[in-house]
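What follows is a short report on a single structure.
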Amino acid sequence: MGEEKRLFPKTVFYFMSEKKHVAILGSTGSIGTQTLEVIKSHPDKFEVEVLTAQNNADLLIQQALEFRPNCVVIVNELHYQKVKDALLHTEIKVYAGEKALAQVVEMDTIDVVLTALVGYSGLLPTIKAVQAGKQIALANKETLVVAGELITQLARENGVNIYPVDSEHSAIFQCLVGEFHNPIEKLILTASGGPFRGKTREFLKYVTKEQALKHPNWDMGAKITIDSASLMNKGLEVIEAKWLFGVSQEKIEVIVHPQSIIHSLIQFEDGSIKAQLGLPDMRIPIQFALTYPERLKADFPRFDFAKYPSLTFEQPDVDTFRNLNLAFQAIKQGGNAPCILNAANEVAVAAFLRDEIGFLEMSDLIEETLQKSCFIEHPNLEEYIETDKMSRIITEQLIKSKV
Ligand code: MG
């Protein structure tokens with residue numbers, strides 16, 4: 001371990017006097033739209049090169065007309081003609097499909113790729129972007145969960161920095177500025193505990209997706225909101241942190257902090273702890289990932305200590321929320337285990353959102369899929385892809401056998 005494992009620079013790659021050219025993968029989602037808000041408030045600092053969306057053609061068209069990127073990609077090819085027709089009178093190029101999504105990141109004019117795709121779908125485009133030497137602002141944590149070892153190695157080989165957008169990891173990154181050479185004794189990731197904090201297994205058995213989709217502090221997409229309710233989001237973040245900061249899982253702790261004001265903490269070897277605080281607002285980590293090491297003036301709402309007389313902390317209830325332990329087990333096992341965990345979780349969350357399984361069954365499915373899948377200690381890219389495919393089949397079969 002140590003600093004050579006870390007992905008952060010001692011040198012500054014950008015000079016903010018020049019405009020930074022940004023590609024946003026997943027521009028119509030929660031992170032994508034907030035990234036465009038950040039960009040809109042600093043027209044002198046950023047230029048939008050690429051926008052991509054999975055299905056939301058209407059919003060993609062609207063964004064393209066406003067931000068005038070070089071090109072757009074609509075991944076679902078069924079919407080291609082609609083986007084093409086709407087942008088016909090402009091010079092914006094329109095592409096469609098998964099392949100276009102992976103290729104478009106290689107464009108010469110791009111400086112930084114912000115990856116806000118959902119789940120496993122972010123893996124291949126991120127690999128392509130790293131190979132093309134693009135700096136990465138990473139919101140798609142599943143990419144590092146699935147293939148963290150491969151991605152971080154590629155990033156080092158290509159001199160690419162991966163800047164975290166995830167609020168906890170951004171917090172740690174912000175605490176590390178000026179300290180990159182100092183060893184980390186412990187990383188402490190904070191978790192809100194989600195909408196079901198303090199609930200029993202008996203209660204969770206019957207919760208609905210509507211209940212699970214109500215996050216107390218953050219307004220996010222459906223997949224990550226369910227992951228937050230089940231604590232899988234924190235499990236994925238532990239794995240993400242291991243790869244981003246080059247620390248082993250034994251040095252990573254999770255603490256529940258229901259107010260979501262402290263976004264995470266680092267403990268250094270002298271016992272000193274640094275924390276990063278603020279109101280829960282994703283625009284701060286998004287902006288910092290795009291402007292590091294500078295901070296740009298922003299009018300985001302400010303935190304007021306007087307309004308939060310008590311910030312509280314408690315241990316996560318891992319007997320009730322088993323996913324956090326499953327994630328720790330997977331990263332300890334290493335190899336393709338986190339990839340299996342992620343695939344099983346994506347299938348389980350989708351099934352829960354279709355009302356096919358109960359909330360607690362998600363953990364059962366992930367555990368069984370981990371047991372039934374073939375373990376590979378040092379997978380290559382093809383083996384990660386195969387693992388993802390096979391694990392999904394196993395989880396689907398388990399769901400069918402239960403219904
Ligand atoms: Mg997070």
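Any Cβ shown, glycine's included, is placed from N, Cα and C.
Taken verbatim from TrEMBL:
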- Thr28, Gly29, Ser30, Ile31, Asn56, Asn140, Glu142, Gly221: NADPH binding site (BINDING)
- Lys141, Ser167, Glu168, Ser192, His215, Ser228, Asn233, Lys234, Glu237: 1-deoxy-D-xylulose 5-phosphate binding site (BINDING)
- Asp166, Glu168, Glu237: Mn(2+) binding site (BINDING)
- 22-148: domain '1-deoxy-D-xylulose 5-phosphate reductoisomerase N-terminal' (DOMAIN)
- 162-245: domain '1-deoxy-D-xylulose 5-phosphate reductoisomerase C-terminal' (DOMAIN)
- 277-392: domain 'DXP reductoisomerase C-terminal' (DOMAIN)
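On the structure: features taken from TrEMBL.
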| residue | record | Cβ neighbours (10 Å) |
| --- | --- | --- |
| Thr28 | NADPH binding site | 22 |
| Gly29 | NADPH binding site | 23 |
| Ser30 | NADPH binding site | 18 |
| Ile31 | NADPH binding site | 28 |
| Asn140 | NADPH binding site | 27 |
| Glu142 | NADPH binding site | 28 |
| His215 | 1-deoxy-D-xylulose 5-phosphate binding site | 19 |
| Gly221 | NADPH binding site | 15 |
| Asn233 | 1-deoxy-D-xylulose 5-phosphate binding site | 27 |
| Glu237 | 1-deoxy-D-xylulose 5-phosphate binding site | 28 |
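Across the domain '1-deoxy-D-xylulose 5-phosphate reductoisomerase N-terminal' (22-148), the DSSP tally of helix, strand and coil residues reads 60 helix, 28 strand, 39 coil. Over the domain '1-deoxy-D-xylulose 5-phosphate reductoisomerase N-terminal' (22-148) the predicted model carries a mean pLDDT of 97. Ligand 1 lies within reach of Asp166, Glu168 from the binding-site residues Thr28, Ile31, Asn140, Asp166, Glu168, judged by a C-beta closer than 6 angstroms to any of its atoms. Calculated from their C-alpha atoms, the gap between Ile31 (NADPH binding site) and Asp166 (Mn(2+) binding site) amounts to 10 Å.
Among the binding-site residues Gly29, Ser30, Glu142, Asp166, Gly221, the ones whose Cα sits within 10 Å of the Cα of Glu237 (1-deoxy-D-xylulose 5-phosphate binding site) are Glu142, Asp166. Here the candidates are the binding-site residues Gly29, Asn56, Asn140, and by Cα distance the one nearest Asn233 (1-deoxy-D-xylulose 5-phosphate binding site) turns out to be Asn140.
Here Gly221 (NADPH binding site) is compared against the binding-site residues Lys141, Asp166, Glu168, His215, and the shortest C-alpha distance is to His215.
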